[in-house]
Amino acid sequence: VEEQRARWERKRSRTAKELLETEHKYLEQLDLVVTFFVTILKAKGTLKPAVLEAIFGPLESIYSASHVLSLHLERGNLGPGLENFCQNLELYGHYAENLEQANKTLKEQLRRNKSFQRFKKLQEARPQFQGRKLEDLLPLPLQRLHRYKHFFRDLLENTSPASADYQELTKAEKSVSAVSQWVQDLARKRENSLQLLRVQKLLKGQKTQVLAPGRWYIREGWLLVVPSKGEELKRRMFFLFSDIFISAKPCHPLHPLNSNKLSCQAVYPLHQCVVDKVFGHTQSQGGLLSLSFPHKTLLLMSGDQQDINDWHRSLTAAVR
């Protein structure tokens, strides 16, 4: 038991030391943005307060919270340090919510505001920046949040439940996990919006509305449509979303405007769809899926069995 305790203590000391060292480095990098950008820009008035807020969000508050945490860690006051830090964790969620808009505003200001463009170049040329750009430093809080999650978990695993810090560590680990989940969900929503927009732009015309609230992109790919009357197989591109299944064919390659686009052939709602695998259960070449809708049955084929299995799984899950 004593040996185990000593092992825990060694691991815990190592993790606490690494947390403090990396916190100092993180603070140095945040300090570059706060000192050479936020503070000076406020004083000079190069950017309007609303624009400044749009680009940097709660970065100064995040910097202050980390500064207080590092002071507690230096004194070995892990519990009180974490208690104070957790009260400020929501700042990271708000920072993540703002980051996309921050990047847009920054690009816009660099395009339109020549004095800000010159100022940014001048600040980034300082030796302290070591060739880094403002764009490289803005995502730092979200990268740091990911590391906090691992640090707090490791500290908790190597702390005895009888320890004075155990309760604060448990709370800190839960709080960081909750905010991390919030940030991950934001990233997933953002990625999904980009996918919906990409598919919308791929389809010719505006008749097919891909962008819809609550709709999630799942997958896409080429499949062969087996016609009911023994005609030739038709190669079509299919897009699967959480509520609809879209079939599209390529536009004519010589079309002056839409040569690289797809023409929507049909939109199938999934709420009344039944998916069956006709063949492709054994180690055969490829497979065939049957999709039954109230007024239509689709037979879809692929020469790649893995592809058919993946489609079957995705379609079944989406319908369910």
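Cβ from N, Cα, C; glycine included.
Unlike curated entries, TrEMBL annotations are predicted automatically.
Listed in TrEMBL:
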- 11-186: domain 'DH' (DOMAIN)
- 216-320: domain 'PH' (DOMAIN)
Fill in the blank from the handout: Checked against DSSP, the composition of the domain 'PH' (216-320) is 15 helix, 52 strand, 38 coil
Completion exercise
Over the domain 'DH' (11-186) the mean pLDDT stands at 94
